[in-house]
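As recorded in Swiss-Prot, the features of this protein are as follows:
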COILED    107-127  coiled coil
COILED    194-215  coiled coil
MOD_RES   A2  N-acetylalanine
MOD_RES   S355  phosphoserine
Amino acid sequence: MAAAATMAAAARELVLRAGTSDMEEEEGPLAGGPGLQEPLQLGELDITSDEFILDEVDVHIQANLEDELVKEALKTGVDLRHYSKQVELELQQIEQKSIRDYIQESENIASLHNQITACDAVLERMEQMLGAFQSDLSSISSEIRTLQEQSGAMNIRLRNRQAVRGKLGELVDGLVVPSALVTAILEAPVTEPRFLEQLQELDAKAAAVREQEARGTAACADVRGVLDRLRVKAVTKIREFILQKIYSFRKPMTNYQIPQTALLKYRFFYQFLLGNERATAKEIRDEYVETLSKIYLSYYRSYLGRLMKVQYEEVAEKDDLMGVEDTAKKGFFSKPSLRSRNTIFTLGTRGSVISPTELEAPILVPHTAQRGEQRYPFEALFRSQHYALLDNSCREYLFICEFFVVSGPAAHDLFHAVMGRTLSMTLKHLDSYLADCYDAIAVFLCIHIVLRFRNIAAKRDVPALDRYWEQVLALLWPRFELILEMNVQSVRSTDPQRLGGLDTRPHYITRRYAEFSSALVSINQTIPNERTMQLLGQLQVEVENFVLRVAAEFSSRKEQLVFLINNYDMMLGVLMERAADDSKEVESFQQLLNARTQEFIEELLSPPFGGLVAFVKEAEALIERGQAERLRGEEARVTQLIRGFGSSWKSSVESLSQDVMRSFTNFRNGTSIIQGALTQLIQLYHRFHRVLSQPQLRALPARAELINIHHLMVELKKHKPNF
């Protein structure tokens, strides 16, 4: 098969070569015709050349054998020579047809050739034009860059010139003195707005000239003389104006707040002096300090003197202590006269002085109070005095800071230069008064007034009085503690045997303590202080010991208990009116009262029902120990107890109720004690019933005589007092 394929390929190659030779002969006449191209030079096509690579030929043959036409020809057994002739003929026909088509389209082809040539010429000219345009663009771009560089340089020069112009303009404006400024400074009154405006302009120009002189600017010499003369004139006019305002403070009955308000409108005047004439500024400040210092001192000295004239005529003395014997005979409901005792131990309405409404109320006017014959306790005078001091000090401090342009330590120093003498005088007056003051409530109220005024000053952002408040408290606290300790000592050293006749009603010393303690506790609750509570605790211990010492003077335990209950109840009632229910004082006296009340009820039930109480306790003890059989020997005793209770319980309860109501001054407390005694009696009789229900006593004939427990309760309710 391979040999046949090789032979077929060789035959086909020979046919092609022969056809090519024939075509060359036929095309010979046309080849020499005009306008035709030379025949193709195909080179050497001899397949027998040694240079032909057989392997490659074999590959081509194999590839041709894969052709469908070749496969079909080999399959049908077509004669290859005939087939090649047929193919050659077809190729010649196609070639002739192509030549004829080419000849027919030769004009069009020539026209197309001319058009292409013309287009080439046009494109060449366009290329030349675009080249020239590109060259022009390159030149323009270079020019634009040059212009940009020139523009940037011009902008820099412009900015520099503008900066120089601005600096020069500022310099010239700062140095030039306009005529309006000269006219206003020389001719206008200081109170006119234009004088203030031009004064600010003059201050700015003077500052600018000083700055330029420091830089060595020669032009400053031209205006220095004019500015100096204007400055001297302005300083003179300002000095006269401010000193005149300060001197107006000295006029009698002058409200110095009005000149201060006027000065604040022209506070720039002092700033101008401070920056341009410090000697004059110091002169004005010193004159202000000297004038206001004397005015405040004179005012407060006079006010204090007149204020103390409306104090209560009778005040507490060193003998007006809690434990000092009250020589005056007093009834049960009586209390020390307000005029004679000045409410030493009672608070009353005095506590209102620290209420928000009273604390910042208008100050007292002494001559008005004198005309109305009104009198006040010391704490009211103290509040009025220090509220005036607080209000004026706050206003003065703020004025100093704003007008004299000071703050911090400098403001404190200037404030104390103005108010120092007044504050010292006030402290000396307070120290002198406290030396003979024995009214602890007044001193304690003054302490709380100071604490509240200190908070008000802090809210107003006026720290200048902080040191003064500390000094006042340093005077008040030791005196308060001393008075409290004196009262403690007076109670401790009181001898009950020297107090006269004994009485089971509340003692006047315990009443004093109750009023005094409730007053201090109620005040202290607003701003708690541990030291105060410690001192009150000491006083409470001494009062409790005093009550026990007095109770020991009674011969019977019943009277002792009545005295203790009356005093504890009174102290508890007074404390609960002002102190909180959970305060230590209230809880302490409540426990003491409950304990003594329970003991008194047992003491009260003992005479009429003592036998019943003793039997019930003994029987319950036997039952608890399992010795109930021993109750069989108590039948006679039980019978006697049943019959005795049935015959006497009503009269005993009636007597008991009357005894209680006679013994206790507080009807509510007496009612509570009666109720407690009857309740305990019912419980006792109920326990007696349970004992009699034991098997050992169940068959006792006297059990039929027992009073029904419900009937007893109904009857006892009739003896409950109603108020």
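The backbone N, Cα and C atoms fix where each Cβ goes, and this holds for glycine too.
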Other CB atoms, at most 10 A from the CB of S355 (phosphoserine):
12
Over the coiled coil (194-215), work out the mean pLDDT and round it to an integer.
81
According to DSSP, does S355 (phosphoserine) sit in a helix, a strand, or coil?
coil
